[in-house]
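Asker: Grabbed the feature section from Swiss-Prot, which reads as follows:
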BINDING   8, 40, 72, 86  substrate binding site
BINDING   8, 9, 16, 87, 88, 89, 97, 122, 123, 124, 125, 126, 127, 128  ATP binding site
SITE      16  site 'Transition state stabilizer'
């Protein structure tokens, strides 16, 4: 089975990587779809985020990374995905993700959304938290791969 894992991944965190690994173990194939959203100012370009993800997932079998614009269900359909994969850190994530899952089903009922609970030690992680800690010079190497930490440090020293 092929799972579509959509997101902005700005930047990719160890929480994302854990979900990708577990998705690969469960479904065999994970298509990581990086959202290109021109109305949202990204820290890293879409191309750079794709490079970061490809580097971070090179040892995870069945992973592929693409850019996408538009609706998640359209991306799933165009790439022959079987399901949509999403992670949950807290109850607040569930409320939002459930609404998105229902919206996706209303647009194309072919796609189920499968939720995986984040590992407890990653439950505090979000891309926003990582960027905030990095902005103030805090240690982030336990939150993101080393090369992403270096990318963020370069941005914050310029």
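For all residues, glycine too, the Cβ spot is worked out from N, Cα and C.
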Asker: So if I measure Cβ to Cβ from residue 8 (substrate binding site) and keep only same-chain residues at least 6 apart in sequence, which ones fall under 8 Å?
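Answerer: The list for residue 8 (substrate binding site) reads 34, 35, 37, 40, 42, 49, 127, given in order along the sequence.
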Asker: Could you say whether, by DSSP, residue 97 (ATP binding site) belongs to a helix, a strand or a coil region?
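Answerer: Helix, per DSSP.
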Asker: Based on DSSP, name the secondary structure state of residue 8 (substrate binding site): helix, strand or coil.
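Answerer: Reduced to three states, the DSSP call for residue 8 (substrate binding site) is coil.
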Asker: Checking the binding-site residues 97, 123, 125, which are within 10 Å of residue 86 (substrate binding site) at the Cα level?
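Answerer: Among 97, 123, 125, the ones whose Cα sits within 10 Å of that of residue 86 (substrate binding site) are 97.
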Asker: According to DSSP, does residue 86 (substrate binding site) sit in a helix, a strand, or coil?
Answerer: strand
Asker: In whole Å, could you give the widest CA to CA gap in the ATP site formed by 8, 9, 16, 87, 88, 89, 97, 122, 123, 124, 125, 126, 127, 128?
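Answerer: So the binding residues stretch over 18 Å, Cα to Cα.
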Asker: Going by C-alpha distance, which of the binding-site residues 16, 88, 97, 123 is nearest to residue 72 (substrate binding site)?
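Answerer: If we rank 16, 88, 97, 123 by Cα distance to residue 72 (substrate binding site), first place goes to 97.
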Asker: Taking each of the binding-site residues 72, 123, 127 in turn and counting other Cβ atoms within 10 Å of its Cβ, which one has the fewest?
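Answerer: It is 123 that, of the binding-site residues 72, 123, 127, has the fewest other Cβ atoms within 10 Å.
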